[in-house]
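Copied over from TrEMBL:
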DOMAIN    73-284  domain 'Calcineurin-like phosphoesterase'
DOMAIN    335-437  domain 'TMEM62 Ig-like'
DOMAIN    459-568  domain 'TMEM62 C-terminal'
TRANSMEM  460-482  transmembrane segment
TRANSMEM  503-522  transmembrane segment
TRANSMEM  542-565  transmembrane segment
REGION    656-680  region 'Disordered'
Amino acid sequence: MKFSFTTVIFVILVLIFSVFIANISNLIAVEVENTLHNQYGTHSEKQENSEKESRSRTKKENVIISDGYKHLMWFLQISDIHVSIFHDSTRITEFQEFCERTIGAIKPSVVLATGDLTDAKTADNIGSAQQLKEWQIYKDILIESQALNKTVWLDIRGNHDNFNIPAPDSDLNYYRKYTAQGAKHPHSYLYVADVNGDRYGFLGVDACLTPGPKRPFNFVGMLNKSETQLLKVLMKETKENNVKYTVMFGHYPTSCIITEGHTHIRNLISEVPGCWVYLCGHFHMLGGLVPNMYTLQKAGFLELELGDWKDNRIYRIAAFDHGFFTFLDTYHGVWPVILITNPKHTLYNVPSKERPDAVRDSTHIRVLVFSLSPVSLVQILLDEGEWVNASHVEGPLYVLRWDPNKYLKGVHNIHVRARDADGRSQGVSHPFSLDGSRLNFRFWPRLALMSNISIMFQSLFGMALCFSIVPLCVFKVVHVLVRNNKLEKPNIKNRFIQRWVRSFWILATVDKVFYPLVMYPLYLSIGPWTVGEIIDGHIGAIFAWGLLVNSSYLPGSFTYAYGFLQMCPFPKATSHARSSEGFGQQVPAFSVSQLVFEAGTRFPAHTDRDRGVGTGCVRLLLLVSIRDVSISHRTSPDVVYRSRYHSLANLRQSLRNLSQGSQPRLDEEGKRRKRAEPSL
């Protein structure tokens, strides 16, 4: 049986796409690994024994979830504050209001500030530099609001707090002087608290780069060997301190953290005794496109990215209630704040940590309600029943007796509404289940949190590199073989494929186009992109595979994304393209091919006129695009790339003028190319 060229290509593309989808599906599956192996390697026996001891201890305690106030603790998280002296002063005033009123009303045991405490940008919003005044404002707010006296403030660095920092002991590292924890804990640290009969541990993970380059090349964090060793020491301390529940927090999501060696950050988290959750920020909900960025990692813990304070004024209240972790992300200024702790949201169950039978044996529904004024009414509704008033126990705790046996099968809904003395009212609801029924996390949050951003960027860079080089090289080889009569001209019947083959073929015949288009992507993958002040006062070099600066090597990650963008975009069709500044632009092979495709198919096929115009357009394209693509570099204050090129509109107009003119005369070289071209 004979197969056409089109069929073979189609089958190959389907296979590649199927493998890609299968890998993505396996990557973001939320089934918790119960065996000793997962995608990162082998779990240690210590981790397995720790989980067994935890379950055994919980069963021995046999604590019934009733209307008691013990075994209850709540805390707050705020992230990506971005205190700025140049932009949006309301960030500062509302942050001060948060420290004064919100903390005063909720009275949390702990407040976690998970990075990007300051903005660290220049006035034009392009450059990056540590601004002393921003750090002074941050510290003054904590002191003037008496937040440090009301609660325990645990802050940690983010990538913005590490812009342009040559070393941790640098005078520019204001985090060490102007924060609550920086002086005592300049890196990762552990805080242990005893609240209402239980011991809690808060383990901060500092994954900032050392040294800290300017933006944008510190988007991904890294745990070097010394930081990884410090985390292992802190993990050991949690066990020695008999910590029952551990919360790990940091700025970077686990998908944005590179770890030296073979131990992945998710493996480390899974080995922390009693670790329920990893709390982070950094993604800013991907510009608001992906809100509620939560997932259950395969290692058996929740990872919860918090939306930013910078633009959205979001903060998180979370609680441990009788061994169950619950949370609510809410907006600043919204009152009352309502958090249902029993029964908890079925999506956020942690099967390897929590006892499902504890909810089935519970006697009361439990709700935490906070407001600026006294709460006057709390009502609860189950499924399609009736609203029933809840009873106040102590502090923010309200309870209602219930019969769990009525809700043993399937997924049910609980609704709570509350009103305070000033007439403010709010309501919340969520699904719950007592038989292990689960809901699914959304696709995009899983992809963002469960993938590996560095590998994803490398893959995109590699694919763009292949797509920019391999097709041209293949057509170059085929062209040489046909010209030397060692291969017959292909005869392709499918008109769509025929047009694209013709475009690439013509492009590969012109050496002045072919070699620049092939060599440029190769250079992007090998040579230095720029040499300059990556950090003020420190000369460094940027490669696709990493940065060399201040006698240190920082592995490439976001650099691959930049290289991918270099190879992919078309030139901007604007009249100001020549003076544009920003990320560099270049014309990749496939974008050039599309322009040739437009010109090469302007006339009917199989005519000398068509062939002549096609070749002429390629020559024109060479002179217009390749000659004018240039990159220059600035070394201060930031690494910025410039590109000068003709707009796509000008290229199209030039091609249009050629197509409307007379047929160009073929010289001897053109005649030879004509004989070597395929008959399509």
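Note that Cβ sites are derived from N, Cα and C of the backbone, with glycine treated the same way.
Listed by sequence, the residues of this chain that lie at least six past the ends of the transmembrane segment (542-565) yet keep a Cβ under 8 A from its Cβ atoms are 166-167, 209-211, 213, 216-220, 222, 258, 453-454, 457-458, 460-461, 464, 524-531, 534-535, 583, 639. Same-chain residues lying 6 or more positions outside the transmembrane segment (460-482) and placing a CB less than 8 Å from one of its CB atoms are 488-490, 501, 504-505, 507-509, 514, 517-518, 521-522, 524-525, 544, 560-561, 563-564, 567-568, 588-590, 676, 678. Note: the domain 'TMEM62 C-terminal' (459-568) comprises 66 helix, 20 strand, 24 coil (DSSP; helix = H, G, I, strand = E, B). Residue counts for the domain 'TMEM62 Ig-like' (335-437) under DSSP, split into helix (H, G, I), strand (E, B) and coil, are 12 helix, 51 strand, 40 coil.
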